[in-house]
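This report refers to the structure that appears directly beneath it.
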Amino acid sequence: MAELLLGVNIDHIATLRNARGTAYPDPVQAAFIAEQAGADGITVHLREDRRHITDRDVRILRQTLDTRMNLEMAVTEEMLAIAVETKPHFCCLVPEKRQEVTTEGGLDVAGQREKMRDACKRLTDAGIQISLFIDADEEQIKAAAEVGAPFIEIHTGCYADAKTDAEQAQELVRIAKAATFAASLGLKVNAGHGLTYHNVKAIAAIPEMHELNIGHAIIGRAVMTGLKDAVAEMKRLMLEARG
(Lines of atoms letter the chains of each structure in order from A and count residues from 1; the text may use other names and numbers.)
(Lines give C-alpha, C1' and ligand atoms only; values in the text may rest on other atoms or scores of the structure.)
Protein backbone atom coordinates (compact mmCIF):
# COMPACT_ATOMS: atom_id res chain seq x y z
CA MET A 1 0.00 0.00 0.00
CA ALA A 2 1.39 3.40 -1.00
CA GLU A 3 2.18 6.03 1.62
CA LEU A 4 -0.71 8.50 1.64
CA LEU A 5 0.06 12.22 1.55
CA LEU A 6 -2.13 15.31 1.91
CA GLY A 7 -1.71 18.27 -0.41
CA VAL A 8 -3.61 21.29 0.90
CA ASN A 9 -4.98 23.64 -1.75
CA ILE A 10 -4.98 27.23 -0.46
CA ASP A 11 -6.62 28.90 -3.49
CA HIS A 12 -9.65 30.02 -1.50
CA ILE A 13 -7.59 31.90 1.05
CA ALA A 14 -6.61 34.01 -1.96
CA THR A 15 -10.25 34.15 -3.11
CA LEU A 16 -11.22 35.72 0.22
CA ARG A 17 -8.32 38.18 0.04
CA ASN A 18 -9.09 39.23 -3.51
CA ALA A 19 -12.80 39.72 -2.78
CA ARG A 20 -11.89 42.96 -1.00
CA GLY A 21 -8.59 43.76 -2.70
CA THR A 22 -6.73 43.64 0.61
CA ALA A 23 -3.39 42.13 1.58
CA TYR A 24 -5.09 39.68 3.96
CA PRO A 25 -5.72 36.84 4.49
CA ASP A 26 -2.33 35.93 3.04
CA PRO A 27 -2.06 32.54 1.31
CA VAL A 28 1.62 32.43 2.28
CA GLN A 29 0.72 32.58 5.97
CA ALA A 30 -2.00 29.98 5.40
CA ALA A 31 0.53 27.66 3.78
CA PHE A 32 2.80 27.93 6.82
CA ILE A 33 -0.09 27.04 9.15
CA ALA A 34 -1.11 24.10 6.94
CA GLU A 35 2.45 22.77 6.98
CA GLN A 36 2.61 23.08 10.76
CA ALA A 37 -0.64 21.09 10.97
CA GLY A 38 0.79 18.22 8.93
CA ALA A 39 0.22 19.03 5.27
CA ASP A 40 2.71 17.16 3.11
CA GLY A 41 2.54 19.76 0.35
CA ILE A 42 0.81 22.96 -0.74
CA THR A 43 -1.21 23.15 -3.94
CA VAL A 44 -2.02 26.38 -5.77
CA HIS A 45 -3.74 26.94 -9.12
CA LEU A 46 -2.36 29.91 -11.02
CA ARG A 47 -5.23 30.61 -13.39
CA GLU A 48 -4.85 32.65 -16.55
CA ASP A 49 -7.25 35.27 -15.17
CA ARG A 50 -5.48 35.34 -11.74
CA ARG A 51 -8.85 35.11 -10.01
CA HIS A 52 -7.29 33.91 -6.75
CA ILE A 53 -3.60 32.92 -6.62
CA THR A 54 -1.25 35.54 -8.09
CA ASP A 55 2.26 35.47 -9.51
CA ARG A 56 3.44 37.06 -6.25
CA ASP A 57 1.94 34.20 -4.25
CA VAL A 58 3.64 31.59 -6.42
CA ARG A 59 7.01 33.30 -6.19
CA ILE A 60 6.98 33.71 -2.40
CA LEU A 61 5.57 30.26 -1.73
CA ARG A 62 8.31 28.66 -3.80
CA GLN A 63 10.90 30.48 -1.70
CA THR A 64 9.36 29.79 1.71
CA LEU A 65 7.62 26.39 1.76
CA ASP A 66 9.15 23.72 3.97
CA THR A 67 7.31 20.93 2.15
CA ARG A 68 6.53 20.72 -1.56
CA MET A 69 4.85 23.10 -3.96
CA ASN A 70 2.35 21.69 -6.44
CA LEU A 71 1.49 24.24 -9.13
CA GLU A 72 -1.75 23.55 -10.98
CA MET A 73 -1.86 25.24 -14.36
CA ALA A 74 -3.24 25.17 -17.87
CA VAL A 75 -1.05 23.98 -20.72
CA THR A 76 -0.27 27.38 -22.21
CA GLU A 77 2.97 29.05 -23.24
CA GLU A 78 2.59 31.65 -20.49
CA MET A 79 2.11 29.06 -17.75
CA LEU A 80 4.87 26.78 -18.99
CA ALA A 81 7.28 29.72 -18.98
CA ILE A 82 6.28 30.65 -15.42
CA ALA A 83 6.75 27.05 -14.28
CA VAL A 84 10.17 26.72 -15.89
CA GLU A 85 11.28 29.96 -14.25
CA THR A 86 9.75 29.26 -10.82
CA LYS A 87 10.59 25.54 -10.72
CA PRO A 88 7.92 24.21 -8.36
CA HIS A 89 8.49 20.68 -7.12
CA PHE A 90 5.39 19.49 -9.01
CA CYS A 91 3.19 20.77 -11.81
CA CYS A 92 -0.29 19.38 -12.25
CA LEU A 93 -1.54 20.14 -15.75
CA VAL A 94 -5.28 20.84 -15.81
CA PRO A 95 -7.90 21.95 -18.34
CA GLU A 96 -9.09 25.50 -17.85
CA LYS A 97 -12.06 27.56 -19.03
CA ARG A 98 -12.41 31.20 -18.05
CA GLN A 99 -16.15 30.92 -17.39
CA GLU A 100 -15.95 27.90 -15.06
CA VAL A 101 -16.26 28.31 -11.29
CA THR A 102 -13.85 25.44 -10.69
CA THR A 103 -12.15 22.83 -12.87
CA GLU A 104 -14.99 20.86 -14.45
CA GLY A 105 -13.30 17.71 -15.73
CA GLY A 106 -10.09 16.02 -16.69
CA LEU A 107 -7.63 16.77 -19.47
CA ASP A 108 -8.14 15.12 -22.83
CA VAL A 109 -4.60 13.77 -23.02
CA ALA A 110 -5.51 11.19 -25.67
CA GLY A 111 -6.81 13.91 -27.98
CA GLN A 112 -3.71 16.11 -27.76
CA ARG A 113 -0.79 13.75 -27.30
CA GLU A 114 1.83 15.90 -29.02
CA LYS A 115 0.96 19.01 -27.04
CA MET A 116 1.04 17.08 -23.78
CA ARG A 117 4.26 15.27 -24.69
CA ASP A 118 5.97 18.57 -25.46
CA ALA A 119 4.76 20.11 -22.19
CA CYS A 120 5.89 17.10 -20.17
CA LYS A 121 9.34 17.15 -21.76
CA ARG A 122 9.76 20.87 -21.19
CA LEU A 123 8.84 20.59 -17.52
CA THR A 124 10.88 17.43 -16.98
CA ASP A 125 13.93 19.09 -18.54
CA ALA A 126 13.48 21.89 -15.97
CA GLY A 127 13.60 19.34 -13.14
CA ILE A 128 9.87 19.49 -12.38
CA GLN A 129 7.75 16.43 -11.62
CA ILE A 130 4.50 16.29 -13.59
CA SER A 131 1.02 14.99 -12.98
CA LEU A 132 -1.89 15.10 -15.39
CA PHE A 133 -5.39 15.76 -14.06
CA ILE A 134 -7.58 13.23 -15.84
CA ASP A 135 -10.85 11.37 -15.50
CA ALA A 136 -10.88 7.75 -14.34
CA ASP A 137 -10.69 6.50 -17.91
CA GLU A 138 -8.32 3.81 -19.23
CA GLU A 139 -7.73 5.55 -22.56
CA GLN A 140 -6.66 8.75 -20.80
CA ILE A 141 -4.49 6.84 -18.33
CA LYS A 142 -2.70 5.03 -21.17
CA ALA A 143 -2.17 8.33 -22.96
CA ALA A 144 -0.75 9.89 -19.78
CA ALA A 145 1.82 7.12 -19.54
CA GLU A 146 2.67 7.45 -23.23
CA VAL A 147 3.35 11.21 -23.10
CA GLY A 148 5.80 10.86 -20.22
CA ALA A 149 3.92 11.86 -17.08
CA PRO A 150 5.06 9.92 -13.99
CA PHE A 151 1.93 10.89 -12.02
CA ILE A 152 -1.76 11.21 -12.72
CA GLU A 153 -4.35 12.94 -10.57
CA ILE A 154 -7.74 11.27 -10.86
CA HIS A 155 -10.64 13.70 -11.02
CA THR A 156 -12.99 12.76 -8.17
CA GLY A 157 -15.69 15.30 -8.99
CA CYS A 158 -18.27 12.79 -10.24
CA TYR A 159 -17.79 10.73 -7.08
CA ALA A 160 -18.13 13.82 -4.89
CA ASP A 161 -21.20 15.10 -6.75
CA ALA A 162 -23.06 11.77 -6.84
CA LYS A 163 -26.71 12.21 -5.86
CA THR A 164 -27.32 8.70 -4.51
CA ASP A 165 -25.33 6.13 -2.55
CA ALA A 166 -25.55 3.74 -5.49
CA GLU A 167 -24.18 6.33 -7.89
CA GLN A 168 -21.36 7.18 -5.50
CA ALA A 169 -20.50 3.50 -5.05
CA GLN A 170 -20.35 3.08 -8.82
CA GLU A 171 -17.99 6.04 -9.14
CA LEU A 172 -15.82 4.69 -6.34
CA VAL A 173 -15.42 1.38 -8.17
CA ARG A 174 -14.51 3.26 -11.35
CA ILE A 175 -11.84 5.27 -9.50
CA ALA A 176 -10.43 2.21 -7.76
CA LYS A 177 -10.16 0.30 -11.06
CA ALA A 178 -8.50 3.29 -12.69
CA ALA A 179 -5.98 3.54 -9.86
CA THR A 180 -5.12 -0.16 -10.17
CA PHE A 181 -4.75 0.14 -13.94
CA ALA A 182 -2.55 3.23 -13.65
CA ALA A 183 -0.30 1.55 -11.10
CA SER A 184 0.06 -1.44 -13.45
CA LEU A 185 1.53 0.96 -16.03
CA GLY A 186 4.03 2.29 -13.50
CA LEU A 187 2.18 5.54 -12.81
CA LYS A 188 1.83 7.04 -9.35
CA VAL A 189 -1.74 7.96 -8.52
CA ASN A 190 -3.05 11.11 -6.86
CA ALA A 191 -6.67 12.22 -6.63
CA GLY A 192 -8.67 15.33 -5.93
CA HIS A 193 -11.67 17.55 -6.58
CA GLY A 194 -14.70 17.80 -4.33
CA LEU A 195 -13.26 15.66 -1.54
CA THR A 196 -14.75 16.51 1.87
CA TYR A 197 -14.69 15.32 5.46
CA HIS A 198 -17.67 13.09 4.63
CA ASN A 199 -16.45 11.37 1.46
CA VAL A 200 -12.65 11.25 1.74
CA LYS A 201 -12.21 7.97 3.61
CA ALA A 202 -13.34 5.69 0.79
CA ILE A 203 -10.90 7.35 -1.62
CA ALA A 204 -8.09 7.32 0.96
CA ALA A 205 -8.63 3.58 1.45
CA ILE A 206 -7.74 2.79 -2.18
CA PRO A 207 -4.31 1.13 -1.83
CA GLU A 208 -2.72 2.78 -4.88
CA MET A 209 -3.49 6.34 -3.78
CA HIS A 210 -0.31 8.33 -3.21
CA GLU A 211 -1.62 11.84 -2.49
CA LEU A 212 -4.99 13.55 -2.09
CA ASN A 213 -5.26 17.24 -2.94
CA ILE A 214 -7.99 18.91 -0.90
CA GLY A 215 -8.77 22.60 -0.53
CA HIS A 216 -12.31 23.96 -0.45
CA ALA A 217 -13.51 21.60 2.29
CA ILE A 218 -10.51 22.35 4.50
CA ILE A 219 -10.81 26.12 4.09
CA GLY A 220 -14.56 25.91 4.70
CA ARG A 221 -14.03 23.88 7.88
CA ALA A 222 -11.33 26.31 9.03
CA VAL A 223 -13.80 29.21 8.85
CA MET A 224 -16.18 27.36 11.16
CA THR A 225 -13.67 25.90 13.60
CA GLY A 226 -11.80 29.21 13.89
CA LEU A 227 -14.79 31.58 13.96
CA LYS A 228 -15.34 31.37 17.73
CA ASP A 229 -11.75 32.33 18.54
CA ALA A 230 -11.74 35.11 15.91
CA VAL A 231 -14.90 36.74 17.30
CA ALA A 232 -13.70 36.42 20.90
CA GLU A 233 -10.35 38.04 20.04
CA MET A 234 -12.03 41.00 18.32
CA LYS A 235 -14.37 41.52 21.28
CA ARG A 236 -11.43 41.31 23.70
CA LEU A 237 -9.53 44.01 21.81
CA MET A 238 -12.57 46.30 21.79
CA LEU A 239 -13.18 45.93 25.52
CA GLU A 240 -9.47 46.32 26.25
CA ALA A 241 -9.51 49.67 24.44
CA ARG A 242 -12.23 50.88 26.81
CA GLY A 243 -10.15 49.95 29.83
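Including glycine, each Cβ sits where the backbone N, Cα and C put it.
As given in Swiss-Prot:
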{"type": "BINDING", "residues": "N9, R20, G194, G215, H216", "note": "3-amino-2-oxopropyl phosphate binding site"}
{"type": "BINDING", "residues": "D11, H12, R47, H52, T102", "note": "1-deoxy-D-xylulose 5-phosphate binding site"}
{"type": "ACT_SITE", "residues": "H45", "note": "active site, proton acceptor"}
{"type": "ACT_SITE", "residues": "E72", "note": "active site, proton acceptor"}
{"type": "SITE", "residues": "E153", "note": "site 'Transition state stabilizer'"}
{"type": "ACT_SITE", "residues": "H193", "note": "active site, proton donor"}
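Here the candidates are the recorded positions H12, H45, H52, H216. The one whose C-alpha lies nearest to that of E153 (site 'Transition state stabilizer') is H45. In sequence order, H45, R47 are the recorded positions from R20, H45, R47 with a C-alpha within 10 Å of the C-alpha of E72 (active site, proton acceptor). Highest local Cβ density among the binding-site residues R20, H52 belongs to H52, counted as other Cβ atoms within 10 Å over all protein chains shown.
Just so you know, of the binding-site residues G194, G215, the Cβ with the fewest other Cβ atoms around it within 10 Å is the one at G194.
Local packing around the Cβ, expressed as the count of other Cβ atoms within 10 angstroms, is greatest for H193 among the recorded positions H193, H216.
Taking the C-alpha positions, the distance from the residue listed as 'active site, proton donor' to R20 (3-amino-2-oxopropyl phosphate binding site) comes to 26 Å. Annotation note: H45 (active site, proton acceptor) sits in a strand segment as assigned by DSSP. Binding residues for 3-amino-2-oxopropyl phosphate (N9, R20, G194, G215, H216) extend across at most 26 Å, taking the greatest CA-CA distance. By neighbour count, meaning other C-beta atoms within 10 Å, the densest spot among the recorded positions D11, E72, E153 is E153. Distance noted between the C-alpha atoms of R20 (3-amino-2-oxopropyl phosphate binding site) and H12 (1-deoxy-D-xylulose 5-phosphate binding site) is 13 Å. Here H216 (3-amino-2-oxopropyl phosphate binding site) is positioned 16 angstrom away from R47 (1-deoxy-D-xylulose 5-phosphate binding site), judged by their C-alpha atoms.
Within 10 Å of H52 (1-deoxy-D-xylulose 5-phosphate binding site), counting C-alpha to C-alpha distances, fall the following of the recorded positions H45, G194, H216: H45. Spacing of H12 (1-deoxy-D-xylulose 5-phosphate binding site) relative to H216 (3-amino-2-oxopropyl phosphate binding site) is 7 Å (Cα to Cα, whole number).
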